[in-house]
Amino acid sequence: MSLRKSHPLIKIVNSTLVDLPSPANLSVNWNYGSLLGLILIIQLVSGIILATRFSGHSDLSFDSVISIYQDSNYGWLLRLVHSTGASFFFFFIYLHIGRGLYYGSYIYPEVWNIGVVIYLILMGTAFLGYVLPWGQMSYWAATVITNLLSAIPWLGSVLVEWVWGGFAVGNPTLTRFFALHYLLPFVVTALVILHIFYLHLYGSSNPLGVSSNTNKVSFHYYYSVKDLYVYFVFLFVFMVFTLKYGYIFMDAENFIPANPLVTPTHIQPEWYFLFAYAILRSIPNKLGGVLGLVAAVMVLFIFSISTSKLLFTGSMYSPIARLVFWTLFSDFLLLTWLGSCPAESPYTEVAMFSTVAYFSLMFTLCIWPHVSTYLYLKS
């Protein structure tokens, strides 16, 4: 027996990356998961190195970022890699979730639910990281988002002051945000390992949405070479964006040190949170807006409910499901754009309509496989 099949540690790698039985008909849409793993490694390595030069103090944070740019060898490159990597991370996460919704990957509840939890933690991690440079937009984004906790009845004001570590966003807030931003990626890594474990336990879905147990190939060479090709293409595009357009995802206000006495004209989060921010602003009631913001992401959990009896999943064979999916995709893009617009007419009215459409389309996409199964059995 070869070493890769007999050695207790090597055989784990072998069963994961070499001899893993994989459906023979996977398309490029199934490369997003492995690509996210590569980006996670890039973010971990660049973040740990940056943390050795960063100072998590409200008086020193902004200057320490400038020092990383000017005084550290290739510090500017590491900072741009880390900030650009966050945007690419969420871009491929949305593609990964979209592929799961379109092809019905939610039929494996453990895999799907752990993936949604990873997404939630990554949103928190990205927000904490956005605060760390302690520029104008960082400070006021922290103020606005943490203030949302005040909408919780009875406990709101207590929770806000507990998160702040005082009566306003300040040094205690920044210190604990830095600690959490450093810790959470390792929690994400552990959950990713669990995500992969359950994925390999149940097997991958495929573009046809049918069982592939009779038509499988080994992961290596069929998909390992394909992944390597996608890695090289991604790294080329990623470095072009990093070196030529490194500041395209940054807000100009964040190049100004935080000033509690001057509020920016238009406060907005990073682009990957804009759809949720538009939903938050579209609901006039503060508590309702917070609930809408949370529901915009938590709605993904309902897709994994009662999937064991489904005969039809995904949108491949249903014109109605495909129409709903692509309408939802368009609505997501519209909400992202509306989140960057001022909170005034007509953007507010359009955002309210888009919010109703978002949740309606999500629920329709969720229940349609159940409806299709019921109609098929009844006929």
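First residue shown is number 1, and so on along the chain.
Glycine residues also receive a Cβ, built from the backbone N, Cα and C atoms like all the rest.
Listed in TrEMBL:
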- His82, His181: heme b b562 binding site (BINDING)
- His96, His195: heme b b566 binding site (BINDING)
- His200: ubiquinone binding site (BINDING)
- 1-208: domain 'Cytochrome b/b6 N-terminal region profile' (DOMAIN)
- 209-379: domain 'Cytochrome b/b6 C-terminal region profile' (DOMAIN)
- 32-55: transmembrane segment (TRANSMEM)
- 76-97: transmembrane segment (TRANSMEM)
- 112-132: transmembrane segment (TRANSMEM)
- 139-160: transmembrane segment (TRANSMEM)
- 180-201: transmembrane segment (TRANSMEM)
- 228-250: transmembrane segment (TRANSMEM)
- 290-312: transmembrane segment (TRANSMEM)
- 319-338: transmembrane segment (TRANSMEM)
- 350-377: transmembrane segment (TRANSMEM)
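All features noted in TrEMBL, drawn onto the structure.
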| residue | record | contacts (Cβ under 8 Å, 6+ apart) |
| --- | --- | --- |
| His82 | heme b b562 binding site | Gln43, Ser46, Gly47, Leu50 |
| His96 | heme b b566 binding site | Tyr32, Gly33, Leu36, Gly115 |
| His181 | heme b b562 binding site | Thr125, Leu128, Gly129, Leu132 |
| His195 | heme b b566 binding site | Val111, Ile114, Gly115, Ile118 |
| His200 | ubiquinone binding site | Ser15, Thr16, Leu20 |
CB contact flag for the transmembrane segment (350-377) and the transmembrane segment (290-312), at least three pairs under 8 A: yes
Tertiary contacts of the transmembrane segment (76-97) (same chain, 6+ residues out, Cβ under 8 Å): 29, 32-33, 35-36, 39-40, 42-43, 46-47, 49-50, 65, 68-70, 115, 119, 122, 126, 129, 234, 238, 241-243, 246-247, 249-250, 270-272, 300, 332
For the transmembrane segment (32-55): best-contacting stretch of 112-132, 139-160, 180-201, by Cβ pairs under 8 Å: 180-201
Chain residues outside the transmembrane segment (139-160) and at least six past its termini with a C-beta under 8 angstroms from it: 127, 130-131, 168-169, 173, 177, 258-260, 263-264, 267, 269, 280, 286-287, 289-290, 293
